[in-house]
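Pulled from TrEMBL:
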DOMAIN    58-476  domain 'Major facilitator superfamily (MFS) profile'
TRANSMEM  119-140  transmembrane segment
TRANSMEM  152-177  transmembrane segment
TRANSMEM  213-233  transmembrane segment
TRANSMEM  245-264  transmembrane segment
TRANSMEM  300-323  transmembrane segment
TRANSMEM  335-352  transmembrane segment
TRANSMEM  364-387  transmembrane segment
TRANSMEM  393-415  transmembrane segment
TRANSMEM  446-468  transmembrane segment
Amino acid sequence: MSSHPLNQNRVRRGLGGLLVHPHCSSRRPYAISDKWQSSFILKTSSDAAPTTSGGNYSRLLLSLMSFHPLFLVTPLTPPLPCPIPFFLPQDGLYRRVQAGVDWFSGSLGIPPERKYNSVLFGGFIGSLFSLLQFLASPLTGAASDSFGRRPALLVTALGLVASYSLWAVSGSFELFLCSRILGGVSKGNVSLCTAVVADLPCPKARSKGMAMIGLAFSLGFTLGPMLGAFLALETEKDQVFYTRAAIFATIFAVADFLFILTCLPETLPKEKRVILDLISPWALFRFSAVQQKMGGPSRILGLVYFLYLFLFSGLEYTLGFLVHQHFHFSSLEQGKMFFFIGVTMAVIQGGYTRRITPGAELRMVKIAIMLSAPGFLLIGWSTNIIVLGTGLLFYSFAAAVVVPCLSTVVSSYGLDSQKGTVMGILRSLGALARALGPVASATVYWLAGAEVCFTVCASLFLLPFVLLRCMPKQSKQE
């Protein structure tokens, strides 16, 4: 990099040392406020208007969108399954849902332990959340293609503020469930984050942006449970134990809204917007909502994304059952295990994934998927901590590479005015996979055993690998 001087129109350094190449340079510089630079908040100069090209603009957006998901993810993990026992069977809706969980666990022969019941109950709420995200993501993305990214992000951010506020004051299971429904509908903002990065004109900037968003999510999922547990321990007498966590989440959601309002420029100019069309979620696998003829590759990529997350989320869900049965892990030990996974993913995404050369993403996805198979085999058949830890390393590598790289490739499809729709469809497929995967995997786990479940699912990773092998060779993006 020494051949390129560090000036406003050439190479600029952003969050985590992120570099934007000179061929993405801009004639309209952005000024960085020294006062806020440590907080990753960047401000534009008075005469700088957002454009859809430019190295400084790319650097600005990458830094902003890398920071933004930390607001989205960190407060999300404490709510489940912790608050559920608080409502107890006196709540009518709780009793009806619990009856369904009891029927499901009885049908599969799951031991009637309180720990398993809590996980299954939380899994039901989590699947409901994912199904709502499945329905909301393509519609939110299409709305952003019509009205702009920034207004759509502001609306979804307000939805999250309302969701967490309702959770903070919920004194019944009905109110808690309403808060989760509102949160699921508002989670289309995840696809909007990737749509903002997809608006960047530079392939290398898009690739790094997707990786940095993945890094932020890894950090959020690592820090979220720790913060939730700490706030629960600090609960005062006569105070519901999740109240502080809910208030903290609300504060984060408000900060997210203010962050978008004051720091994020619009990335989709009015001349590139389209008239809003309603989307049929059942047409997602065909990407039929995208007007540009995308052909077979987009459908294959969508199916690969769905299959991978279907298998991955299912095995991720049953991982807690396995370590409790085979290694007698306590909740604290499981927390340490997921902390190890989160840190490993963050290191890989920050140090490796964001450096993947444009055009090499699909090759890395194939490698990561093939590493998933031995990883889950090692986990499923592990008899000691060393074997389990080795399998978790493979697991973490795949988790850190596949989704960011597939997101980068899919973001290159569609017109500039349809990036929100494209990324919304992709995220919607992922949400559907996360809703169905845990149910399927838990069913196989309790009917056939851990070894059979992890072996069958590991073998099925060959399906997305073969689909990628059948795709035309990816050309290097310029």
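Just so it is clear, glycine is given a Cβ too, placed from its N, Cα and C backbone atoms.
Just so you know, TrEMBL annotations are computer predictions that nobody has curated.
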Interface-richest range of 245-264, 300-323, 335-352, 393-415 toward the transmembrane segment (119-140), CB pairs under 8 Å: 300-323
The transmembrane segment (446-468) touching the transmembrane segment (393-415) per 3+ Cβ pairs under 8 Å rule: no
Top partner of the transmembrane segment (364-387) among 245-264, 300-323, 335-352, 446-468 - counted as Cβ pairs under 8 Å: 446-468
Maximum Cβ pairs under 8 Å to the transmembrane segment (300-323) - stretch from the list 245-264, 335-352, 446-468: 446-468
